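What Swiss-Prot says about this one:
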{"type": "BINDING", "residues": "CYS181, CYS184, HIS202, CYS206", "note": "Zn(2+) 2 binding site"}
{"type": "COMPBIAS", "residues": "27-41", "note": "compositional bias 'Basic and acidic residues'"}
{"type": "COMPBIAS", "residues": "79-91", "note": "compositional bias 'Polar residues'"}
{"type": "COMPBIAS", "residues": "110-122", "note": "compositional bias 'Polar residues'"}
{"type": "DOMAIN", "residues": "312-372", "note": "domain 'Tudor 1'"}
{"type": "DOMAIN", "residues": "541-600", "note": "domain 'Tudor 2'"}
{"type": "DOMAIN", "residues": "762-821", "note": "domain 'Tudor 3'"}
{"type": "DOMAIN", "residues": "990-1048", "note": "domain 'Tudor 4'"}
{"type": "REGION", "residues": "1-66", "note": "region 'Disordered'"}
{"type": "REGION", "residues": "79-138", "note": "region 'Disordered'"}
{"type": "REGION", "residues": "450-469", "note": "region 'Disordered'"}
Amino acid sequence: MSVKSPFNVMSRNNLEAPPCKMTEPFNFEKNENKLPPHESLRSPGTLPNHPNFRLKSSENGNKKNNFLLCEQTKQYLASQEDNSVSSNPNGINGEVVGSKGDRKKLPAGNSVSPPSAESNSPPKEVNIKPGNNVRPAKSKKLNKLVENSLSISNPGLFTSLGPPLRSTTCHRCGLFGSLRCSQCKQTYYCSTACQRRDWSAHSIVCRPVQPNFHKLENKSSIETKDVEVNNKSDCPLGVTKEIAIWAERIMFSDLRSLQLKKTMEIKGTVTEFKHPGDFYVQLYSSEVLEYMNQLSASLKETYANVHEKDYIPVKGEVCIAKYTVDQTWNRAIIQNVDVQQKKAHVLYIDYGNEEIIPLNRIYHLNRNIDLFPPCAIKCFVANVIPAEGNWSSDCIKATKPLLMEQYCSIKIVDILEEEVVTFAVEVELPNSGKLLDHVLIEMGYGLKPSGQDSKKENADQSDPEDVGKMTTENNIVVDKSDLIPKVLTLNVGDEFCGVVAHIQTPEDFFCQQLQSGRKLAELQASLSKYCDQLPPRSDFYPAIGDICCAQFSEDDQWYRASVLAYASEESVLVGYVDYGNFEILSLMRLCPIIPKLLELPMQAIKCVLAGVKPSLGIWTPEAICLMKKLVQNKIITVKVVDKLENSSLVELIDKSETPHVSVSKVLLDAGFAVGEQSMVTDKPSDVKETSVPLGVEGKVNPLEWTWVELGVDQTVDVVVCVIYSPGEFYCHVLKEDALKKLNDLNKSLAEHCQQKLPNGFKAEIGQPCCAFFAGDGSWYRALVKEILPNGHVKVHFVDYGNIEEVTADELRMISSTFLNLPFQGIRCQLADIQSRNKHWSEEAITRFQMCVAGIKLQARVVEVTENGIGVELTDLSTCYPRIISDVLIDEHLVLKSASPHKDLPNDRLVNKHELQVHVQGLQATSSAEQWKTIELPVDKTIQANVLEIISPNLFYALPKGMPENQEKLCMLTAELLEYCNAPKSRPPYRPRIGDACCAKYTSDDFWYRAVVLGTSDTDVEVLYADYGNIETLPLCRVQPITSSHLALPFQIIRCSLEGLMELNGSSSQLIIMLLKNFMLNQNVMLSVKGITKNVHTVSVEKCSENGTVDVADKLVTFGLAKNITPQRQSALNTEKMYRMNCCCTELQKQVEKHEHILLFLLNNSTNQNKFIEMKKLLKS
């Protein structure tokens, strides 16, 4: 039942840190009291709008054990005076007439039911017969009993009888109802429909049960109340035993609640996945981790030597079940019981998987074990429904690998109180960061639900009149659509006097219009009056995005605010919609708002300063301080020059100064900003808006597009789509679902262009458009290349690379929505080759096409030029890797050119999602801080794990075994934590490849020493130098390291393969690929041959099924390197001499003879191309 964590936990870290932290903490129900001896009170969970109800306990049933006898009954009993035996020796409530010394006790819950009230005639006999040892009572004594104990005025009647049974009629319609409200457990209903209709009235009086277990422990419950009997034989067999068993049973509702709420963000691992509508997530937190360890140990100890016997559980009971796979005991809830087959269907509540097992592998849960909440929660993906009505098998196959046993972040959207509490969640995929519902919709497996976001189709829905409504403090029900604030509308060219209310940066600040100052002041007075009249409340939990009233912490005044996020269970991040600033507040400082207070539009206008960009890439504190000084407490003229997606591009001018002061110009003059390449100017008002196709914005904005980008030394899988020559061809990158997105885009584009829309498109060179391709009759994205004199247009199909001539009618205007996907056709050229003549020969083009057409290739980027990307193509589908350029060179179809790109340029083009690859291994140590690793003795052979391979001359390994200085490492971790968390101001830190740094590990948020393996604009890849873990972090999670923290040597070692020289510089990527396939993340044996500048020269051996394999010999065998070690060369010569003197000399001569014959046949064959590779092998 153990679940493998998807990430590498630092196994050698002595600090007992949980493997991960939850984004938002959650609390468990406190376990202050033990269960009562019987019929435990169900503790309420979260408080939904419509509490569900639970079946009434079967012990109570419909028994009527509290009643009064009418006069006819008294007379009837009196008339039986002469009959020798009373028909009920136990009496009305289990009391037997007899001597006091013979009295015993029997639980009243099993007393005999009285005669039916509907019967007109009294019964002649009662089912239960008296025991032999019970003496018949005399008539006088019985008459006295009746007069005394059945008298209405006799107080003993009320003390002897059990408490009245609560009516089980439906609170709304009056019919029989055995279901009760799970919150107050007092009101009964016949169906869910009646409960919903009654909720508006019942919610006023409904209060959660407040169990007092201390009192219950000292006071017998109704079902176990003792009454007196004469002898054990008076009690029906099995009654006492049955009560004892029920007293021991623990139901699912007895477990404590997780206290999860809507909008909370938690993290965990998906341990069971059936389909997107049914999967389980095992939560990760320090509490869960600690409990799982304690539970495992407790169950192992408690149930180690139990004897197998058939325990008969009941549905809904929490038991201990032995899992079939690993034979361990785990908590499970009983889903169903088949007594005849002696089997039960169980669900393991801490993992989510289920199975059918024999009853002899099930035991009741020991009451001494803590009633911790289930560690796995049942979930379904919110905001999406299956496209085909049910989740298809293809969908399950595609999505299960994305989630199963993956550590991911989920956000609770809704909570459904079903038989098992189910959570509607948004799941962020761990690898891509995308939301699962978006992925399902993009892949065509799901659809956006209409009318609801997160409810299942079969889930109970609220009444239509309740949808979209909420109750304010004064119990006035308002529609949520009335609580949406109005937004100020600004147009390009608008100019107004205002004040800057809040500044984050020059690209993120808020302005207020001065003309609305009086209305805003009146609003503040109304807010204060309204909020001061409201009593404090602790049950207000606004949803993210809701508008409410918030009490500002600095002046304790009330303002309108929007809930941005939940910082914890009791605090939220709010943004003040009239000012722009934000802060974290306690929920006690919030209250609901009314529509009247939302009549004034939100006054904070989000702005971006026009014409400037930060000179250093980010805005420095000095630049922000200067801007605040320029506009603080001043009336500023604000001019809107453009409208962005959710903000306005504005110019700020201080006209109170002479001459007028432009904030943008001051920032430029101070050197804090640089001017934008294309300054935004006022747009003409006479823009033509006619003949605009449907779906295209009437306002013509400049279209923006991007190409797929690759960085130098980046290696990707590609397929060639268009070929002009080895110096110009186009490729598709086979990455993730890019081609599927392209196909979907082409379908949408074709549907859009076939709608016979009015076409006002006028071709301009370099402009994107939709173009018709006559080859297959479809529409594709294109760029206008040339406008011909005959009116035709040459277009470049940007996703494929071909250039075609089309007519003006075969062009359409393109919408910006079709430009979101980067252009997929990448222009490439083979690196390090050139044509034999001025132009590429037909033979070279044909041969190149034969080598690459329809084949998945590996491309390594060698250079990036204006004419395309220079790549090295490798065919991995053959028996050995084949470099395409080498094939053309060997066949004398092209010439090899001297590559000017051996050394990597400093200004590499790097995609922001791709990391630079470290190639200059030995020279890449940090210039700022030199660091050292532990040094191993020469000639020592150790076992190690290879962590990362940069080249044959540099790879990192971690020796096996615990380090000797473990205590120092723990002290160092504490020092790093104090150093990195200390408040201080530092300039932006951008580490370089090979630098030593401090890195904050994702799983425990502790700081550790690390080595930089690669960098991008936003991320950095690091290797934790003392533990061997590798992960990619945002730049904010790395800090520079001090020399004092480098005094202790790193526990990893730097290695270089002994005595190898590459035969061909272009094959280095093949060597790295083979090395990674052979020994990356593998346990190998390292023999230290020497140490130079803290780099261990080693020979590497790996054990395989065929014996020990030397890695260097493997490379030499593949012809990718040659051995330059004198000792090894001498050994090879000795081996060759031995073979020359052995008895196989004659056989070797015969082999050489056959080789000559084979070469002769190949040289004289009609088709040279088919045998070139074979000739090459024979000549080598």
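Glycine is treated like the rest: Cβ placed from N, Cα and C.
These numbers come from a predicted model, not from an experiment.
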Among the binding-site residues CYS181, CYS184, HIS202, CYS206, the one whose Cβ has the most other Cβ atoms within 10 Å is CYS181
For CYS184 (Zn(2+) 2 binding site), the three-state DSSP class is coil
Mean pLDDT across the domain 'Tudor 2' (541-600) comes out at 88
Summed over the domain 'Tudor 3' (762-821), the DSSP helix, strand and coil counts are 7 helix, 27 strand, 26 coil
Per DSSP, the domain 'Tudor 2' (541-600) contains 7 helix, 27 strand, 26 coil
